[in-house]
Amino acid sequence: MAKDEPVSVVFKVYCLSVMTLVAATYTVVLRYTRTISSTTMYFSTTAVCITEVIKLLLSLGMLTKETGSFGRLKASLVQHVFQSPKELLKLSVPSVVYAIQNNMAFIALSNLDAAVYQVTYQLKIPCTALCMVLMLNRSLSRLQWFSVFMLCAGVTLVQWTPAEATKVQVEQNPFLGFMAIAVAVLCSGFAGVYFEKVLKSSDTSLWVRNIQMYLSGIVVTLAGVYMNDGAQVIEKGFFYGYTPWVCFVVFLASVGGLYTSVVVKYTDNIMKGFSAAAAIVLSTVASVALFGLQITVSFTSGALLVCVSIYLYGLPKQDTTKTLPRVNTDTV
């Protein structure tokens, strides 16, 4: 029902604003908790698992509001969850990939400066573009592909001179950080397009789809906790090293995950591009103030290229979709 309702511009601006603030804040705070916040390091796998649980609870709350009563909520859960093992299996694919992506993000931010991470992570746009072409049979204009290569050039400049001396107290491995961000980018592109395809190929509620995905996500992340940190978690406890800042990171990740699903459904590439560009600027400013990041000319040039390319990539999308019906009518 809610899927077919028209969405106001105010709502889109609201989603854009929240997504931008959450993305920028999450990047800076996560890096802070993984580098200089305390001497007792928490287990990133448990944080990812708790995030999945919170997103599931929030989605249940939204579905309750959407259905209007606990009776309808129960009927919806029975129909789409307990009696739909195939749908659960279908939605387990992005949950597995997203779990890998989130864990890679922790590794990347432990070894890269926040601004470097934020800009490099924008490689998810050409990766998503490629997945859209291969999985959704979308066509991209020349300007869109030009913006993709412009983005790659900008990211190359950022990687060429990564952030210099900072206040970070933990030894970093830039190569490991960039490898982790590469895996995260591939996961983001595939999982995002896959989820969009599943979401828009049926009339099933967005919150039902989220619940299906987060249920399998909890199983996957619990397996990750056991495989990666099982012995230490048993010895020190599931919430070892947790501070109010770590709880804030989990909260931001949970809210960000929900808004990501809403953005996939209601917004377009232009809005997501502006959001990504604004998040880069905000996280860079915060990194200068909090971590002593040294911004170089090449980093600034690369960040500028990234922001411009993100904007250009979104511009022609509407024109591309308009040309498709004309080709069909000519053929008929």
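Note: Cβ is positioned from N, Cα and C throughout, glycine not excepted.
As written in TrEMBL, here are the features:
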type: TRANSMEM; residues: 9-29; note: transmembrane segment
type: TRANSMEM; residues: 41-64; note: transmembrane segment
type: TRANSMEM; residues: 145-163; note: transmembrane segment
type: TRANSMEM; residues: 175-195; note: transmembrane segment
type: TRANSMEM; residues: 207-227; note: transmembrane segment
type: TRANSMEM; residues: 239-262; note: transmembrane segment
type: TRANSMEM; residues: 274-293; note: transmembrane segment
type: TRANSMEM; residues: 299-316; note: transmembrane segment
Margin query: At a threshold of under 8 Å on Cβ distances, which of 9-29, 41-64, 175-195, 207-227 pairs most often with the transmembrane segment (239-262)?
Written below: 41-64
Next item on the list: Sort out the residues at least 6 away from either end of the transmembrane segment (175-195), same chain, that have Cβ-Cβ distances under 8 Å to it, and list them.
Entry: 93-94, 97-98, 100-101, 104-105, 107-112, 116-117, 120-121, 123-124, 127-128, 130-132, 135-136, 159, 209, 213, 261, 264
